[in-house]
Amino acid sequence: MIQFEKTASIEVLGAENYAKLRHTKVLLVGAGGIGCELLKNLVLMGFGEVHVVDLDTIDLSNLNRQFLFRQRDIRQPKATTAVKAVQHISNSTLIAYQCNIQDTEKFPLSWFSQFALFFNALDNLEARRYVNQIAQLLHKPLIESGTAGFDGYIQPIIPGETECFDCTTKETPKTFPVCTIRSTPSQPVHCIVWAKNFLFPQLFSTSTTASANEDLGTDDPLEIERIRQETNELRELQEYIKSGDESRIPTIIEKLYTHDIEKLLAIENLWRTRQKPVPLGRFDLTDAVNPDFNAVWSLQEQLDCLANATKKLMKRQATEDQIDFDKDDVDSLEFVAAAANIRAHVFHLPIKSIFDIKQIAGNIIPAIATTNAIIAGLSSLASLRVLNLMKGFPVKSPKELNMAFTARASNIPTHRYLSNPVLASPNSRCPVCSVPRGVIKISGKALSSTKLQDLIEAIRQKYHYPGEVSVVDKSTQRLLADIDFDDLLEKSLLDLKIRSGVLLMIADERDDVVEIRAGSEFYIQEDSKNCASHPFLLPEMKVKMVKSEVEPPQESLENGLDETTTNVAQSSDVLIIDEDESGSKRKLEESELPPNKKAKHTEELVLLD
Amino acid sequence: MINSTTSSMAEKFDRQIRLWGLEGQAILSSSRVCIVGRCLLSQEILKDLKLLGLDRITLVCEDKSADESIEELEKQENFLNADGKDINYVLWDKKMMEEPSFWWNFDIIVVTALSFARLELLDKMSLPPMLVAFCDEFDGYLRFVSQEPHFVLHSHRQYAIPDLRLDRPWNDLENALKSLAPNASSLDTVHTVPYAAIIYSAVQDLREAGTRVTRDNIRECISTVQVSFGPSAAAVNFAQAKKFAYLGALNSLSIPENIEKCLSFANVPIKLPVNREIQALVRILHKYLKSEHALNQLPVEGSIPDMDSSTENYNRLKSVYQRKAAEDIHWLEKIASQEKLDFELTYDVLTTFCRNIHSLRVMEPSRSALTATYSPHAAPIEASYYEILQKLQKKQIGAYIPPTIGLPAPAFYSMMSITAGLTVQELAKILTHQFVPVENTFLFNGLTNDIHAFKT
């Protein structure tokens, strides 16, 4: 088979390009649904070297799509297991890491620079953003991908040429005001969030303490007082749990669903426009347990389930010390589901099955093998075009590359089963790729001898920031210096933990001029070899002047986005559009897509695996 | 009672059960699939089938004797297949394959590379649904072939329109809507009125004034009411009422196009059990619509969307819809009992049917796997696409020699992977009768990601 693939590859790529492919090193981030398929494709295509990074271990619910894993592999690391599974059919050098891609010690910038191309096959926004930033910093192409059920997408990202991952705003997880969760739930999800994010950690993990100044979303002094009081009372319940005394379980239930509700009812203001909850009242517990997670249980079944799960968790607490909610941990799932449902009952809200609650509490996204196969296939094919290895199809401009979306149903106009908008130009307001960025190389010795002040001065000189600047460590979001804060200036970089992997964000703070210097970002990289004569080396790059303006309000940003897309198309891209006109008809049609159509599409498909 | 095997199955397939439910998964797990042609594409199809939980797979191979690379294929199969029962390999046997009864052992047949004579043989018989798929270089195609229409019980519409019947409420609903209507004399409870009642009250006002009931007029009317109520009406429910104002302008006497089309297929001959069951439901629906109870309105779906209101008002409204839905199902049940059916339509089936009635669809698969002849009367297909399709079919059926690894013609493995993914995806839609499968042929290009669908 390998023999065959080789000949096939040579036929399509040409001997020269095939030789290049054999020497190409790529990084695959994620060995899950898309990752398994991609790894297989990359190996069969003949890539020279593939590095696979995944932090996760294998779970039973992965086996419906992550075909490199078997029942026996459950709880093994994904990256190493995947590599082992393809080894015997592979002609490529394969290296696996069971690590977080954001671990800067394990994966310094220099490590990333060995690759010609990155593939994102991730399931979370944070890591996607991180790899996108690295790609922008190193000017390396990235092929981003994701699926959710029948929907999927790929997006080749060519730094400086096409939109980056952050050029369009992404949907972030929904949040609820504290008061809705704690006092006035009006939807089942509010009860689930209460059980999962408030009750469960309060009882079973010791670390959580509600911060004193969290935004409660209410001004009612009585309500605020009650929320605070309740938090303290729950500490008492935690003691019950720790005691391991099962006879206290009815007391716990009584407190949560009778006494606490009565206290809420006492705050009359809350119930002027709302239906009053009804305290649970008298109840008995039995040992019966309903095993059907798909059914909607009766109140009695919920109570039994809650008591039973609490018993089990109490026992575990003795040895485990701290238990965190995990949708795949049945005890914790049962506890959260039953606790949420009983609360829903008290507040006259619909009861849900454990199956449904698991999806909401665990942020579960549907996933099937077929969409992953399609997306991974498209991603691997796109890589050949991104690397310009296709003999018959040379890529003259990155804009000739396509995104691809699959949609679940061929019933919506059939051509949308798979749609392929052309890549857009970078968004000039993008918080990531519109910001000039570079690497500051610094010797190990200089990290301890250089004061923050020295570094800031050098940056101001080199990039022409004449006035005050602010400096933020973007990795931890901590402010290091600004116009009103100079306490840290005399400290050494080492003391401030500014070391390899830290990303510093510089902003011109002047507010009395029309034009200011644009913001910039610097990645710190320890490099004693190149810094023999200087303590540190600043990157060669230009930072433009920009109009000083207050951040536009969120709403006008969307319009602004369209505007910029049009503007860019008018200026630098005229050439490409011309090419399109003389070229294939289809591309012209595609370029007529409204510019925001694609952006919308991406938004819908963000949190994918 | 759920035993541990089912629950571990449910756990393993959890992520896809969230797409098509336990009932969909149960259908897939018990479906018998026959793959014809042993090649790299069928290997990938096998892998995807097994991943979705289809374990009853037969693979019809061409003559084994001439095949030197069978060992390689076996190696590949071991690598790609997830855990599960073994595949049943059958060698092509002319006598056996000429018998339709052999093919009727399967719920669906997937054809990859196959010689022309053999494909022609399959095409002449009346067989279970077939998916014909092939790819060559960067082009691929997929066709859904069947001798009967395909009914979709639940198309999972992306944008469902709430079934509120505000144009012609039945008595019970009318009373509820009227008593819930926003009232100037009880301003402190105006924010607890569900939007359905706000819209209905606007519709009434328009009718009384003799104004046409359109979305914009309803919206305007709501605004006027809102202004007259002052700040107490600045609540979310009024905003929702304006947003969903179109619900007041719907005509519940007009049967949606997708259902009309289903009705027109109510009496065509049908063989496949699930299709027959859905067709029977469609026939019952037809009689129901003519009945004095329905007066040409579809059964009520019974569920209502979330509305900003007091829980009490919302629950009251909800129960009105639920009561009517139960009544409608009861009528359907009565009609069903008068039908002569050789299978039972349970209350549960009727309930599912009514709940998703707007999701009902029917499609027309291609009658033949071989229609490569370009007909200007067929659905418009651009000549260039036709050429690609012809090229692909030629390769698929032409000069077929026993399955060596070099066949189908060399192409990138990724294309096999994509084609297989598309094929198995459609297969799952067809078998579960959920989601709308391709109608009925599509062509795609893996380089440009261009896709083109057409009917033959």
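For all residues, glycine too, the Cβ spot is worked out from N, Cα and C.
The model shown is predicted, which means the values in this text are computed figures rather than measured ones.
Looking at the domain 'THIF-type NAD/FAD binding fold' (A:10-430) alone, the prediction's average pLDDT is 86. Sequence annotations record features per position, and here TrEMBL assigns domain 'THIF-type NAD/FAD binding fold' to A:10-430.
In the three-state DSSP reading, A:Gly33 (ATP binding site) counts as helix. TrEMBL lists A:30-35, A:Asp54, A:62-65, A:Lys78, A:123-128 with the feature ATP binding site.
Taking all protein chains in view, 26 other C-beta atoms sit within 10 angstroms of the C-beta of A:Cys164 (Zn(2+) binding site). Positions annotated as Zn(2+) binding site by TrEMBL: A:Cys164, A:Cys167, A:Cys430, A:Cys433.
Of all the Cβ atoms in the protein chains shown, 20 others lie within 10 Å of the Cβ of A:Cys179 (active site, glycyl thioester intermediate). According to TrEMBL, the feature active site, glycyl thioester intermediate maps to A:Cys179.
The domain 'Ubiquitin-activating enzyme SCCH' feature in TrEMBL is assigned to A:301-353.
Annotated region 'Disordered' per TrEMBL: A:554-609, in sequence order.
The compositional bias 'Polar residues' annotation in TrEMBL covers A:562-573.
Under 8 angstroms separates the C-beta of A:Asn64 from a C-beta of chain B, among the binding-site residues A:Asp54, A:Asn64, A:Cys433. Within 8 A of the CB centroid of the Zn(2+) site residues A:Cys164, A:Cys167, A:Cys430, A:Cys433, the other residues of that chain are A:Asn132, A:Gln136, A:Glu163, A:Phe165, A:Asp166, A:Pro426, A:Asn427, A:Pro431, A:Val432, A:Ser434. DSSP assigns A:Cys164 (Zn(2+) binding site) to coil, not to a helix or a strand. Between the CA atoms of A:Cys433 (Zn(2+) binding site) and A:Cys179 (active site, glycyl thioester intermediate) there is a gap of 38 Å, rounded to the nearest whole number. When the binding-site residues A:Asp54, A:Asp123, A:Glu126 are compared by the number of other C-beta atoms lying within 10 angstroms of their own C-beta, A:Glu126 comes out lowest. Helix, strand and coil counts under DSSP for the domain 'Ubiquitin-activating enzyme SCCH' (A:301-353) come to 37 helix, 0 strand, 16 coil. Spatially close to A:Cys430 (Zn(2+) binding site) yet at least six residues away along the chain are A:Glu163, A:Cys164, A:Asp166, A:Cys167, judged by Cβ distances under 8 angstroms. Taking the Cβ of A:Gly30 (ATP binding site) as centre and 10 Å as the limit, one finds 30 other Cβ atoms among all the protein chains shown. In the three-state DSSP scheme, A:Cys430 (Zn(2+) binding site) falls into the coil class. Comparing A:Gly30 (ATP binding site) with A:Cys179 (active site, glycyl thioester intermediate), their Cα atoms are 38 Å apart once rounded. Cβ-based neighbour count (10 Å, all protein chains) for A:Cys167 (Zn(2+) binding site) stands at 25.
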